[in-house]
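Everything on this sheet refers to the single structure shown next.
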Amino acid sequence: MRQRIQALALALVVVASAFAVGPTTAAADGAATSNHASVTFDAQTSGGYTVTVDSVTLEDGGFVTIHDASVTEGDVLASVVGSSDYLEAGTHENVTVRLDQPVSEDATLVAMPHKDTDGDRVYEFVSTSGGADGPYTADGSAVVDTADVTVSASVSMSDQPTDGNTIVLDRVELSESGFVAVHDSTVLDGAVFDSVVGHSEYLEAGVHENVRVTLDEEVGNETLIPMSHMDTNDDQSYSFVESDGANDGPFTNMAGDAVVTTASVTAAQEASATFDAQTSGGNAVVVDSVFVPEGGFVTMHDATVTEGAVFDSVRGTSDYLEPGLHRNVVVRLDSPLNETGALVAMPHMDTDGDQTYDFVSSEGGDDGPYTADGGAVVDSGEVTVSASVAYDTQESDGNTVTIDRVDLSEPGFVAIHDPSVGAGEVFDSVLGHSAYLEAGVHTDVTVTLDEAANESQTLVAMPHMDTDGDGNYTFVESEGGADGPFTANGGAVVDAGNTIVTANVVASNQDSDGTTVTVDSVTLADGGFVTIHDASVTEGEVFESVRGTSDYLAPGTHENVTIELDSALSGDATVVPMAHMDTDGDQTYDFVSSDGADDGPYTAAGSPVVTTAMLDLPATASVTFDDQSSMSDRVTVQEATLSEGGFVVIHASDDGAPGEVLGHTAYLEAGTHEDLDIQLMSEISGETELIAMAHVDSDGDRTYEFPDADGPYTMDGSAVVDAGTVSVGSMDTTEMTETTEMMDETTADDDESGGDTPGFGVAVALVAVLGAALLALRE
């Protein structure tokens, strides 16, 4: 480990030297160039989540990475705020880079071409602490170009038909939460308030696509001007007009003008549909767009509709669609398609206004098709029956990802590949796969990765068949001999999505003495800490659950990080390692002392970045056996604590060493037990030294079987015992009877209760996993 750290440190020094010299001087046209790479990055307005690099040329392929200005101060790793997908050798224009860490205020950003030094098409500069994928250089300096980025918003809208009351925005990117107001063209004449014809619902900061806006005023054939607006009073209600501009003003660009776009809308009375050729598992299809001026449905017919099979050709229908334009409409089919062929998308009306498709059941009496020029409005497309998959941009903790939708024509799996699959690494690129999936449509499929993704990258979701029918994914271990991918048009069926990973924690189940926990690896894009919480964090004990924290960890990946706990754990326990930021930059963990104001956790999709691990702690026990007066066939052990349950056994004393077994308790649950009455198998007399010894239920059958099983608890190499002198005196018959009855009742109570403190088991791990999700919701 020490050698690895030294190697990484040396690599970082070498890389840092390229930055320390100073970036390559920009050419007169604003671009930085060398014989091997060049980049042009112009000033722009951004919603804070993406930026656009105008042009980048890479001689050997690689990436274009966006750094913040701290890179010029030597902050080589923490300055990285995002990187492009892998780019082939050559020149690329208008490269959009999704930022891993959105920028919230105006900043100077630095675009820097980086190599793919290890050829795996995964940008690993940060996670390897500079050991891989360093920058292209010229004259000893990194090739860069800088741009002043105004952090605000962006909005786009295509020309489109409208029912007069709704429109669809293509894309909205907001640096802070707000709205999009829709103005008519009178805004260009100064009608700032009267021009507003509608506005979107409240939108969280981030990127939104296909945003449907219901208008307050009807529009016709005209130009509309969508304008992004802030929520300045934080009430989640658009009040720009009613406040006469005092609240919820527009986002502005670098020139100080409102952030707007323009689009032409056409008041259309005719329906339309676009249905492109596609691959499907045969259980659902996607209609690219459908316009229904009065609302209705889009129905999928098979090719027999062209032969007059008006009703029998119906294969499935969408949910009810409000009047207007709709995009990417998923239609579930009533019965699976068995072979490749053409399907026909046909918009239908809702003639009876019940929002239920009744065309077939009414034999055409209700909900007939929209028509144009005397015929039904249709569009047809070839559907190749195989599989389909949708994997959207998402934030991830690097241990799990979510497949939005997969449609399988036969049972199988979805495998997740890293970008090296594009370089031909068919097997080594597999990071994980789903559980076995039946044929059909599955949504929100969670895939736990076998190998963590500790950098943001574009992952590839690939449906695989279960060719050997064993319900197990064996594509890799069989070297492609079994469970190959679903294919269509000569290639594997795939979808790729940008997976944003700013932190990742991996910890294995481990043996521990209860004073330390070792985290296998932790990757922190901005540096910080890894904190050990106990399982009470899943019950909302955010601060009290903290059991220990690492030293400050610099940006990058750290392996085998051992954390000393503030107080020892006892009994088998679930711990929750959590990645924390260093928000105040003092390299001191202040999350608890600041009541959460500083050094909060890294998050992915709104949830803390965590993992769980089971600690197998040494079995511990204690026994208290006081001197006492007793009857000749019973003794009382005052207290016994058993971390894993078991028995308390009474031994005769052989010169102070445990001798023959004289009696034992019934099985005792893990925990602390008091006043244990033990029946002896042979009577004692006078003053006799006895030894109480704690025994483990080693075979888990709750039956005392020593010496064949169930040996003693040991600590520091010795059995856990306590010795006591038992004095046997005389009691009259009445006293003896009452005492015996009382002890019998006590023994019965002990047998029924099984102890005072519940034990821990495998269930704790499940509680931890489920509880983490609940904690995420609360956060």
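Start at 1 and count along the chain as shown; that gives each residue its number.
Cβ atoms are placed via backbone N, Cα and C, with glycine included.
Feature annotation from TrEMBL assigns domain 'DUF7282' to 37-150, 153-266, 271-384, 387-496, 503-614, 621-726. TrEMBL lists 757-778 with the feature domain 'PGF-CTERM archaeal protein-sorting signal'.
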For the domain 'DUF7282' (271-384), the number of residues DSSP places in helix, strand and coil: 5 helix, 56 strand, 53 coil
Stretch among 37-150, 153-266, 271-384, 621-726 sharing the most Cβ pairs under 8 Å with the domain 'DUF7282' (503-614): 37-150
Summary of DSSP states over the domain 'DUF7282' (387-496), given as helix, strand and coil counts: 5 helix, 52 strand, 53 coil
